[in-house]
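Okay, so here's the structure we're looking at.
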Amino acid sequence: MGFVFLLLAFFAIGVVQGQLRVGFYSNTCPDAESIVSSVVRNAAQSISNIPPVLLRLHFHDCFVEGCDGSILIENGPKAERHAFGHQGVGGFEVIEQAKAQLEATCPGVVSCADIVALAARDAIALANGPSYEVPTGRRDGRVSDVSLAANMPDVSDSIQQLKAKFLQKGLSEKDLVLLSAAHTIGTTACFFMTKRLYKFSPAGGSDPAITPDFLPQLQSICPQNGDVNVRLPMDRGSERTFDKQILDNIRNGFAVLESDARLYDDETTRMVVDSYFGILTPIFGPSFESDFVDSIVKMGQIGVKTGSKGEIRRVCTAFN
């Protein structure tokens, strides 16, 4: 009986994921993906940090209520986007621009949830990252509640907490490493560095995982009691290029975010990080780019609403 149940559960998952497919809009809105790409490209020309912003938006959307555009809703202070765990998330105006163009071309067809996933893919390509196909067919959620975002992964989480939060979403330790490596592009605020640099528990002071040469550099950018809004690159030496430099930095004590550094505390996640730097890795793999694509496509299927579930919003900030 247990085996039959597991088999049915497996097929149920397969059906949900199977309803997302590459080219979902090829007949109903054939220019959908090129329209999103054009909007993202134009936005990046005027705002240089758009690629990491859109990538982060996709992650934050998928981790609350699944990849359903719930983070885009703006219906007052109780809206999900105002959650503490979503601080600094942006890119909403880019998604809205793409939605407006899509509604003018093929009204009521392309979901906001799919626009977020497509925009993240285009953002990665603009940062010289891997190109990949995005399965589409998501529908937009009808729930936006700030309380539902209470369990977002946090920069101060232990490695056990991070692994547990990813596992709850069906993501493995390998996915945790690869999706954390998205920090290869973009910046963070000193607000997220204060604890690591000055109030690291349990002994106080700074995180001993920070290499001694790097600590004064971080403290000079984020002095104690300084401006918490000052920003610094999350990937030392490579913040504009999507590559595996972030993982090399983690290996060598140059991680900026505390949660990134924790990936090297755990044997399983440390082995994943190290696997991309073996002597024979360039010949036999694994490929960081290919593995990242697998993980972000997998993340893009968390809790998706398809078929008759959800809706296709007319504007991304409001329910129909």
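Using the three backbone atoms N, Cα and C, a Cβ is placed for every residue, glycine included.
Small disclaimer: the values here were computed from a predicted structure and weren't measured.
Feature list (source: TrEMBL):
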type	residues	note
SIGNAL	1-18	signal peptide
DOMAIN	19-320	domain 'Plant heme peroxidase family profile'
DISULFID	C29-C106	disulfide bond
SITE	R56	site 'Transition state stabilizer'
ACT_SITE	H60	active site, proton acceptor
BINDING	D61, V64, G66, D68, S70, E80	Ca(2+) 1 binding site
DISULFID	C62-C67	disulfide bond
DISULFID	C112-C316	disulfide bond
BINDING	P153	substrate binding site
BINDING	H183	heme b binding site
BINDING	T184, D235, D243	Ca(2+) 2 binding site
DISULFID	C190-C222	disulfide bond
Given the recorded positions H60, C106, C112, H183, C222, which lie close to G66 (Ca(2+) 1 binding site), meaning Cα to Cα within 10 A?
H60
Other CB atoms, at most 10 A from the CB of R56 (site 'Transition state stabilizer'):
21
Cα within 10 Å of R56 (site 'Transition state stabilizer'): which of the recorded positions C67, H183, C222 qualify?
H183
State the Cα to Cα distance, in Å, between C222 (disulfide bond) and D235 (Ca(2+) 2 binding site), rounded to an integer.
16
For C222 (disulfide bond), what is the tally of other C-beta atoms lying within 10 angstroms of its C-beta?
24
What are the non-local neighbours of E80 (Ca(2+) 1 binding site), defined as same-chain residues 6+ apart in sequence with CB under 8 A from its CB?
V64, E65, S70, I71, I73, H86, S144, D145, V146, L148, A149
Of H60, D61, D235, i.e. the recorded positions, those within 10 Å of C67 (disulfide bond) when Cα atoms are compared:
H60, D61
